[in-house]
Every structure is written in C-alpha cells, then in structure tokens.
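Accompanying notes for the structure given below.
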Amino acid sequence: MFLTEWKYVLHTHGMLKIILGILLVPTFYAVIFLASLWDPYGNIKNLPIGIVNEDTAVTRQHTRYQLGKQLTHELVTNHQADFHQLSAHTAAKRLKNGQLYMAITIPHNFSKRATVLGTTATQAIYLNYHTNAGFSFIAMKMNTTTAEKVQAKINQQLTTSYLTVMAHTLQHTGNQLVATGHALKTTTTGLDQVANGDTNLNEHLTGLTTGLRQAQQGLAALTTGEQQSTQALQMIPTTDETVQRRMESLAGNTQNNLAQTTRSLNNATQTLQLLQTQLQSGRPNLAAVQLTTQHLQQSLAQLQTQHVAAQTLATANQQAFSKLVTTDNTVANGVMQANHQGASILGQLNQGMTNLSTATGQLASGSQRLATSTDTIKTADQKITAGLTTGGQQLATTGTTTAKQIQHLVTPVLLTHTDTTHVQNNGTGMTPYLMSVALFVGCITFNIIYDMATPHKRPRGAWHWWAQKIPFLLEFTWLASTIMYVLLIAIDHLAPLQPWQTYGMVVLTMWTFGSIVTYFNLILGKTGAWLMLIFMIVQLGGSAGTYPIELSNHLFQVIHPYLPMSISIDAFRSTLSIGNSIRPEILIFSSIILIFNGLIWINFKLKLKTVQDHA
C-alpha cells in the first residue's frame, strides 16, 4: 500500500524526471539565490565609485600643498572600493546611466582649509558625495557607509597631522625655554662678576685714596721744607752775591715745581672724589670711568716728571749747600736739614705715586671687566627677552582655541549628500525587483494551472490555433498586471515618477514573461514549467534586484545583461525614480514577444495535423 505511488512514478513515462526536478527546486532556490548574495559587503571593493578632484593647490610657508590630489591617489590605489578618477561631467553622466553608484567630489578649497586647521581661520571642509538611489537603494545605503569611512579616514589624517604640528610646536617652545634657562644662568654669572668687580673697584678706590693722602702729606712736608730753605736764604749775607743768586734761582725753581705738583695733586684729588661718588651711587657710568682713568694716567705721568725734576733740584741744592759751608755754617746746616727733610718727603711722595699708579691700573682693569660683564648681561637679557616673547606668543596661539575650532578639529570634514533621484524608502527601491518577480511567478503559475496547449475548438490552421490561445494569455496577463499596479498605488502608496510609463511597462513585461513561459510549457510540458521555475531562480540571483551586480560572483555578472528580469528591473527603476528613457527596454521586450509568439505559431504549425486528427 505504501509503495503504490512510487510504483506509479517509476512506471509512468517522464514522471520520475518531474519528481526529481521538484526535489531539487528548494535546493536550487536556496543555493542559487544565496550564492548571488552570499557576501555583498565583502565585495564592496568591486563597487564602482567616481572621484572628482576640484581641489586647488595652495602654498604655505614655502611649501606647496595638493591635498586633493593626494587624497585622490590614496582612494584610487586602495581596495576599499573600485574608485575611478573622473571629471565632473563624466562622473555625472555615468552616475545617471547607472555605471557609477556614487561620485565623491573634493571641493576646490580642500587644501586651503585643511592647511589652516586649528587656527582662527579654521573652516569646515565639505565633502560632497552624489548617489543614484534609483538604481539601487541598498547600494546608496552602502555607499553612504563608504563615504563615512572616507570621511573618518580624512578626519583621522587631518587630526593626526595637526597634532603632529602641535607636538613639534610644543617641542620647539620647550627648547626655547631650555635655552632661556641657560641664558638665565649666564646672566646670573654675569651679575656675580659685576658684583665682584664692584667690590674690587671699592677696594682699589680705598687704596687710591690712601695713596692720595700720602701724596698730600708729602706735599705739605715739602712746602714746609721750602719755607725753611727760604728763611735760611734770608740769613745769608748779602755780600755773597753769587751764592745768593744761585739760591734765589733754586728757590724760584722749587716754588714753580711745587706749584705745578700742587695743582696736579688737586686735580687728581677732585677726580678721585668724583669717581668715588659715582661708584657709591650704584649706577656707574662705564664710559665716564674709562675717561677718568685716562685723565688719572696723564696726571700720574706729569707727577712722575715733576718728581724727577724735584729729585734733580734736590741734588743741585745739596751741591749749593756744600759750597756755602765754608761761608756760613749756620745757613748751611739749616739748608742741609731742609734738604734732608725734602729728600725724605720726596721719598714719601714717590711711594705715594707708586701706590697711586698701581691703584689706577687696578681700577682700569676692574672698569674693563665691569664693562665686559655689563655687555654680556645686556646680550643675555636680549636673548631671554626674545626667547620668552617667542615662546609666549607660540603658547598663546596654541592655547587660544574656540569651541568652533575644537569642533573642526574633531570633525574637520563634513559630508553633504545629494542624490540624482528621489527614492522615498526601501519599499520604493525594492519595487522594480519584486514587481518583476511577481509578474514572472504569475506567468509560471498560469501555465501550470491552465492548459495552453489543447485547443477547445478544432483549429483550421496554426494561425487559428494561435488566435484561440494567445489573446487569452495577453488578456489574462494584462488584467493581472493591472490589478497588481493599482493595488500597489492604493495600498502601498507607490508614487512613480512616471505613472503611465510604469503601467505600460508592467503590462509589456508580463506579456513578455508570459510568451517565454508559455512557449517552453508548450514544447516541453511540465518539464518546461520546471525549467522556467529554475530559470526564475537564476534570474533572482543575476538580475541585481537587491544588491548591485558588482557585489555578486563572476557567473552572475556575466549573465546579468541577458536576463529578462534584469531588463525589466532597469526599466522600472527608470519610470519609478530615475526618469531615464525606457525606449531600449520597450524595443527589446517587443522583439522578445514577437520572437516567442512566432515560435509558438511554428509549434502550433508542427502539431496541427496531429491535433486535427484527434479532434
């Protein structure tokens, strides 16, 4: 009992083939259809995308930037998508024809705005991507993701570049601060040298003052000796005219020398007092110190010359006194005592002059060191001032960031999206595919259920037989397609861009599918219906109704242009959303209808005699 049906299948001619074919239908449906959609996101690298570079190069700090060209090169050479560098005109044309799924336009101010990132002149960079959702709504969504990835990549690169520049700026500022620290150390050393120099000057000034006092004391003693000599001369008898004249001459010369020495010492005293006043004020004038030092050296030279003259005069005085010994012992003794006192005083004066010369040399050396230290401090201060000013300006520029600048730093590139078509939602995008599938399934179902082979009236000829069957097929398909279209508008709120062209294409598509399915059903019977079912499954995978055909495997890409459903889907996309002409599709489908109806007439012609004999 359980084997009755299996015995019927095995013993009925052709039934086993039908059962085996039906067994494979689920397998074919799952395997073939899923094979075409197995990894569409993994094949985004095959999705054609155009790159339009309108960027203009800019020059910043003697460096030429062509960031648009660089970005284009990076996109074209990577493998995230099938990027092509195109002109704006070519990209728009290919996008309209469905040869591109997206076109990214790099604006003309891309480099200009990218190179001022983080400054007060920062402005957003708008990267525009154009899509055509009419050809594939899903592709448009996928391309949006691709555009966002490109945006994220550019933002990362620009932000990284800015942070790199910031790091270099901070490093340079740090180096300047380190240099400033070294300069401060140098300045401190210079200040110590100035302090030491000031101390040395004070010490030498003390010694100079002491020497001056000694010179003054020697001068006073010399003056006293001169007075004593004068008194002694007055005691000489007037009879000795020769001696008197010599002594008067000696006294006159001595008075002149003493007067000059007195004036020189007075000048030196005034100069030293002025120098002491300037040093004690804490603000020495180095130029004045040097000039004073020169004056002191000149005065010392004069004093030394006068000192030599005084020594010579003392020697002559002693000789004169020796000659006067025989004449007047009292006067001679007085003069000799005065001469001895004068020699002693001149020795003291000589020692004072030596001390004064030594102190003056030390004072000149200290003044020179003080001048050098002051110049060093001045240079160091200038370097410190320049370094701190530059560093402060750099830090001020770096630290002054507005909220708008921060926003541009986080997302320097913003996306703007334009679409050449207006696809309201995913349902509108899927309508071309699902209408084509529905029309083809309707034709298969009709041929399986309704007998298009057996004439209900004995045909007089092949044309008569065709006239009985085919008009009914055309009427049925017209009615079925009309009901479907009307309900799509009424229930699903389908809003075609070209309503009447869409309706006409719906009817023409079902006539085409009906002609194909009916022909194979007439010549192969149920096997033909099975073949049409498998053919429909193949078309589901190869017609690119859901994902772009570029995301399918190579086999489906090869057969895609030749599938009837591929043609109908392209036509519906044009009438529903894109607005392109469907004249090519109309010509193709009209030709298919004529060809397959001609084949149907030939089939009726070949079977006419047999049918007439059995009628």
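Using the three backbone atoms N, Cα and C, a Cβ is placed for every residue, glycine included.
Under 8 Å from some Cβ of the transmembrane segment (18-38) lie the Cβ atoms of residues 9, 526-527, 530, 533-534, 537-538, 540-542, 546-547, 552-553, 556, all in the same chain and six or more residues away from its ends. Positions annotated as transmembrane segment by TrEMBL: 18-38 (among others).
The transmembrane segment annotation in TrEMBL covers 430-450 (among others). Long-range neighbours of the transmembrane segment (430-450) within the same chain, counting only residues 6 or more positions beyond its ends whose Cβ lies under 8 Å from a Cβ of the stretch, are 137, 473, 476-477, 480-481, 484, 488, 494, 506, 509-510, 513-514, 516-518, 521, 526, 529, 532-533, 536, 539-540, 543, 545-546, 564-565, 568-573, 576.
The transmembrane segment feature in TrEMBL is assigned to 470-491 (among others).
What TrEMBL records for 503-522 (among others) is transmembrane segment.
Long-range Cβ contacts of the transmembrane segment (529-549) within its own chain (Cβ-Cβ under 8 Å, at least 6 residues beyond either end) map to 18, 21-22, 25, 28-29, 32-33, 35-37, 40, 47, 101, 135-136, 138-139, 430, 432-434, 436-437, 440-441, 443-444, 447-448, 516-517, 520-521, 555-557, 559-560, 563-566, 569. Residues or ranges marked as transmembrane segment by TrEMBL: 529-549 (among others).
Annotation source TrEMBL lists transmembrane segment at 586-604 (among others). Residues 459, 462-463, 465-466, 469-470, 505, 508-509, 511-512, 515-516, 518-519, 522-523, 564, 567-568, 571 of the same chain lie 6 or more positions beyond the ends of the transmembrane segment (586-604) yet place their CB under 8 Å from a CB of it.
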